[in-house]
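Annotated in TrEMBL:
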{"type": "DOMAIN", "residues": "25-171", "note": "domain 'Fimbrial-type adhesion'"}
{"type": "SIGNAL", "residues": "1-19", "note": "signal peptide"}
């Protein structure tokens with residue numbers, strides 16, 4: 001009898017460990033048409049950060065150089081969409097999702113990544129939507145960003161500094 005009682009108590013305790021702790025509700029909408037990405041008819045869009053000296057980045061991890069503006073151009077957006085965000089995807093530099101890893105080759109610069117900032121001057125982490133940009137369905141929309149080099153360590157080494165990011169328009 002005591003073995004049966006003990007088994008019942010253990011079953012009750014084990015069941016308590018599997019109790020519901022919370023709930024997630026998923027909400028969303030499906031739209032008929034997306035904005036058209038035009039980028040001056042260039043795909044991929046090329047952003048030239050230029051050539052800089054290692055002294056521009058040496059001395060402190062996190063130091064930045066060569067800020068360069070670029071815009072993602074949208075056209076023919078649906079009337080129901082009044083704002084968008086942009087999510088950039090790519091390889092993070094040294095596990096840091098705030099900087100893109102440089103495309104590897106035998107002559108790639110080291111301890112350098114590329115950051116992207118939004119119109120609020122905030123670094124946009126990879127795989128995270130940027131801040132929201134208002135858009136107008138009746139006109140072309142230019143979504144501004146800034147790309148820049150960032151030192152990942154106190155000392156950087158010279159070499160090519162290219163990277164690739166894909167982007168997704170997020171309809172707010």
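Cβ coordinates are placed from backbone N, Cα and C, and glycine is handled just like the others.
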* Asked: Can you count helix, strand and coil residues in the domain 'Fimbrial-type adhesion' (25-171) using DSSP?
  -> 6 helix, 60 strand, 81 coil
* Asked: So what pLDDT does the domain 'Fimbrial-type adhesion' (25-171) average out to?
  -> 93
